[in-house]
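Residues annotated as active site, proton acceptor in Swiss-Prot, with sequence analysis given as evidence: D67. Residues or ranges marked as NAD(+) binding site in Swiss-Prot (evidence: sequence analysis): D67, G68, N141, D142, R152, K169, D171, T182, G183, Y184, S185, L186, S187, Q241.
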Amino acid sequence: MKKIAIFAKVHDPRCQGVASELIAWLEARGLIPLVEAHLARHLGGRQGIVPEDIPVLADMAVVLGGDGTLISAARLIGSRQIPILGVNLGSLGFLTEITLDELYPVLESCLSGDFQVTERMMLTVSVERNGEEICSHRVLNDVVINKGALARIIDMETEVSGIRLTTYKADGLIISTPTGSTGYSLSANGPIVHPSLECITITPICPHTLTNRPIVLESSSGVTVWLRSKDEDVYLTLDGQVGMELKCGDAVHVRRAAHRTRLVMSRSRNYFEVLRTKLKWGER
């Protein structure tokens, strides 16, 4: 590994300081830091790299911040599948499981080829309007269809691999990966799914029926949701970061992505320990 991409929560002074130290550490070892352009502007005018160019150039990425910063970097890196080392400088750090104290020892191991990664399934989502695809994205966590603040419950006709599932009457719908199962889906009473599993979870948000419970599908399933509600404010949100307004008749197509996100694992803890310490899982 020669070229190391650096992403950080750009408006956080602590992240900026750690990024500056990391750049110096890499350069002292003859490595090439590729600093994302937005971050570079906060580091004394250092020349940065356009975000879209980084995946092609980098051999590895280091993300300084919280889970949101890592998720954003994962979507950007996409099909390149370079390993991502997430360093927790945020509040929760469920995905960014490497601590600041572990950063340089773990990075040394990565550079020598002695590291483990966990591969996380991603989803691709596209929106079809009047028979035409108007957008397409990849997500690591979830695809959310949600009503606006003043809208009534919405109708979402749903198919799985061409077979009718149901028409949800609810505040919204969450379609998540195993990684996303501990995010918004969990708050809506969705199941916790181990990240090594290959599946897609559909979780309704406040369904107007007692029988609409979350459902877990095999990963090869294709999910299509048609918005059937008129005159309501409805939005599509991807990983809680990218969004657009939906119109009646729009079809949202979701399927497993061809590529995965590769996260560098901490050798000092496992998934269940992270569940207990980060989410207080199993505590009374």
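Heads up, residue numbers simply count up from 1 along the chain you see.
Every residue, even glycine, has its Cβ placed from backbone N, Cα and C.
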Message = If you count CB neighbours within 10 Å, which one among the recorded positions D67, D171 has the smallest count?
response = D171
Message = Comparing the binding-site residues N141, R152, G183, S185, S187, which residue's C-beta has the most other C-beta atoms within 10 angstroms in this structure?
response = N141
Rounded distance in angstrom between the Cα atoms of S187 (NAD(+) binding site) and D67 (active site, proton acceptor) = 17
Task = For S187 (NAD(+) binding site), name the DSSP secondary structure in the helix/strand/coil scheme.
result = helix
Inquiry  = Please give the NAD(+) site's span as the largest CA-CA distance among D67, G68, N141, D142, R152, K169, D171, T182, G183, Y184, S185, L186, S187, Q241, to the nearest whole angstrom.
reply    = 32
Ask   = Counting distance between Cα atoms, which of the binding-site residues N141, R152, D171, S185 is nearest D67 (active site, proton acceptor)?
value = N141
